[in-house]
């Protein structure tokens, strides 16, 4: 007489005493700091170089802004049109954004984790916006300087106007250089994200390749199969 027996292992519990979803939860929690295979070595080098350019741009804009502000305090010309950019604070908060986005880009190029890539992408979008705003401020400054030059009658006014135009022009060149760099980095991150998503969709999961069901393991399948014992 044959009797049918079943193993006493509980449903939803693996052989090691842990639930099937626990390993999946651990993978999900660590995915933010997991290295990604999206950027190649050449792309990582390009990202690090562009990030270094951003950091250099930010430091130069900050130095030019400090020098422009020192001229104001040196000649005691407060609230003068020659220092319009200094009053807006663009050389300081603009430089802070550029240095931050450049640092994140360099870090993401060296260690391309998902968290660093997302932070770098968001910071570069913000830096591109800041570069547009800074370009507007600097163009307004140059236009105001041109109008002020027409009424300048002293050598001090002419020398200050020339110095202000030179500093603002340098900041404008650096800002115009920063804008395409941030846009290019953002486009690179978008392309890399889309490429990585397509690879994740097209590649079969490892459990399917090894013949293991997604919700369990081989030990679960063997434990849950009915066992036939003969007397």
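Even glycines carry a Cβ here, placed using N, Cα and C.
The annotation region 'Disordered' is assigned in TrEMBL to 1-34 (among others).
Positions annotated as compositional bias 'Polar residues' by TrEMBL: 20-34 (among others).
Per TrEMBL, the feature transmembrane segment maps to 55-78 (among others).
Sequence-remote contacts of a segment are chain residues at least 6 beyond its ends whose Cβ falls under 8 Å from one of its Cβ atoms, and for the transmembrane segment (90-109) they are 39, 43-48, 50-59, 61-62, 64-66, 68-69, 116-117, 119-120, 123-124, 126-127, 130-131, 133-134, 137-138, 171, 175, 178, 182, 185. Per TrEMBL, transmembrane segment is recorded for 90-109 (among others).
What TrEMBL lists as transmembrane segment is 121-144 (among others).
The feature transmembrane segment is assigned by TrEMBL to 164-191 (among others).
Among the features that TrEMBL reports, region 'Disordered' is placed at 200-231 (among others).
According to TrEMBL, the feature compositional bias 'Polar residues' maps to 218-231 (among others).
Here the transmembrane segment (55-78) has long-range neighbours at 85-86, 90-92, 94-99, 102-103, 106, 156, 160, 163-164, 167-168, 170-171, 174-175, 177-178, 181, meaning same-chain residues at least 6 beyond its ends whose C-beta is under 8 angstroms from one of its own.
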